[in-house]
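Data first, discussion second: the structure below is written as structure tokens.
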């Protein structure tokens, strides 16, 4: 498990405005919790706590 930005296909973050949206998204994917990281490295994106290793995360490089 790891703490990371959960990624959509093609290495894009889930953009967000509310913590509730990210918490639901992250826990649905097996994480302990999640919140909306505002003005982070990739803009406003969902950050998950203890996300399982099989779930894709945002990595350096382009979002297509």
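We count from 1, first residue shown onward.
Placement of Cβ uses the backbone N, Cα and C atoms for every residue, glycine included.
The disulfide bond annotation in Swiss-Prot covers 12-63 (among others) and rests on experimental evidence. Within 10 Å of the C-beta of residue 12 (disulfide bond) we count 16 further C-beta atoms, all protein chains included.
Summarising the annotation, Swiss-Prot assigns disulfide bond to 16-36 (among others). The DSSP secondary structure for residue 36 (disulfide bond) is strand.
Around the Cβ of residue 22 (disulfide bond), a 10 Å sphere holds 25 further Cβ atoms from the protein chains shown. The secondary structure of residue 22 (disulfide bond), as reduced to three states from DSSP, is helical. Annotation source Swiss-Prot lists disulfide bond at 22-46 (among others), citing experimental evidence.
Around the Cβ of residue 26 (disulfide bond), the same chain contributes 6, 32, 33, 34, 46, 48, 49, 51, each under 8 angstroms and 6 or more positions distant in sequence. Annotation source Swiss-Prot lists disulfide bond at 26-48 (among others).
Summarising the annotation, Swiss-Prot assigns domain 'LCN-type CS-alpha/beta' to 2-64.
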Among 36, 48, the one of these disulfide-bonded residues whose Cβ has the fewest neighbouring Cβ atoms within 10 Å: 36
Whole-number Å value for how far residue 36 (disulfide bond) lies from residue 63 (disulfide bond) (Cα to Cα): 18
Residue among the disulfide-bonded residues 16, 46, 63 whose Cβ has the most other Cβ atoms within 10 Å: 46
